[in-house]
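Colleague: One structure, pasted below without further comment.
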Ligand SMILES: Nc1nc2c(c(=O)[nH]1)N(C=O)[C@@H](CNc1ccc(C(=O)N[C@@H](CCC(=O)O)C(=O)O)cc1)CN2
Ligand SMILES: Nc1ncnc2c1ncn2[C@@H]1O[C@H](COP(=O)(O)OP(=O)(O)OP(=O)(O)O)[C@@H](O)[C@H]1O
């Protein structure tokens, strides 16, 4: 194991514990309001959200509100080492369990998002991000950015902040960070 991998693993473990302690219905509701404030200027653009797992902050109410304006997709794992696809989601659409326990739409209708709500384990104020370690969002943002402009919005509880995360060249930065305390980047 490289030093960097060990550092990432340690930062991930510490942030998991802080995320678990932060998770609450009140904080989810506050985060929803903050997220909607940042999403509304992007009305009508193709948007990617996610179906929350474990103690992730829940973007679903904000996704449901934005669905009135444009297409919404949620991440689907196609293969290890491959970018994610985003399949179209609508409030109330039929879902099934995908890899790692996240729900995915039964009907597979790919969309290419211009705005991506990115789940995460830890972030720093410079836009650094740690996920579950699969590199899925890094590969996905790399591909989307090669195609055109993308706004990557890290969505998290404020307590998931870390100072100076260890980052690799393949780590794709977040353009914005939104928490229950508002926009932090
Ligand atoms: N809500 C949500 N959906 C998402 C993601 C996400 O981060 N959040 N993903 C973002 O990529 C993809 C799922 N990726 C994941 C990758 C790994 C693990 C996970 O639990 N990993 C284990 C270790 C796995 C192993 O190596 O055996 C762990 O962390 O304990 C979970 C999700 C697609 N959908
Ligand atoms: N674009 C890429 N091409 C090749 N390898 C990559 C790419 N992006 C990331 N990786 C590799 O994937 C592995 C996991 O990356 P990392 O630890 O940054 O995942 P993560 O950001 O925590 O997870 P995720 O993005 O799935 O939430 C690392 O070994 C990294 O080098």
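The first residue you see is number 1, and the count goes up from there.
Including glycine, each Cβ sits where the backbone N, Cα and C put it.
From TrEMBL, for reference:
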BINDING   8, 9, 10, 11, 12, 129, 130, 131, 132, 133, 134, 135, 136, 137  ATP binding site
BINDING   51, 56  substrate binding site
Colleague: Of 10, 51, 130, the binding-site residues given in the record, which has the fewest other CB atoms within 10 A of its CB?
Modeller: 10
Colleague: Ligand 2 is in the model; which of the binding-site residues 10, 12, 51, 56, 136 have a C-beta less than 6 angstroms from one of its atoms?
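Modeller: Those binding-site residues that pass the cut-off, since their Cβ is under 6 Å from ligand 2, are 136.
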Colleague: Near ligand 1, which of the binding-site residues show up if the criterion is a Cβ under 6 Å from one of its atoms? Options: 8, 10, 12, 130.
Modeller: none
Colleague: In sequence order, what residues of the same chain, 6+ apart, have a Cβ less than 8 Å from the Cβ of residue 8 (ATP binding site)?
Modeller: 130, 133, 165, 166
Colleague: May I ask for the distance between residue 12 (ATP binding site) and residue 56 (substrate binding site), taken between their Cα atoms and rounded to an integer number of Å?
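Modeller: Residue 12 (ATP binding site) to residue 56 (substrate binding site), Cα-Cα distance: 13 Å.
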Colleague: These are the binding-site residues: 132, 136. Which one scores highest on other Cβ atoms within 10 Å?
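Modeller: The residue with the most neighbouring Cβ atoms within 10 Å is 136.
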Colleague: Note down the number of other Cβ atoms within 10 Å of the Cβ of residue 12 (ATP binding site), including every protein chain shown.
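Modeller: That number is 17.
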Colleague: Let me know the largest Cα to Cα distance in Å among the ATP-binding residues 8, 9, 10, 11, 12, 129, 130, 131, 132, 133, 134, 135, 136, 137, as an integer.
Modeller: 20
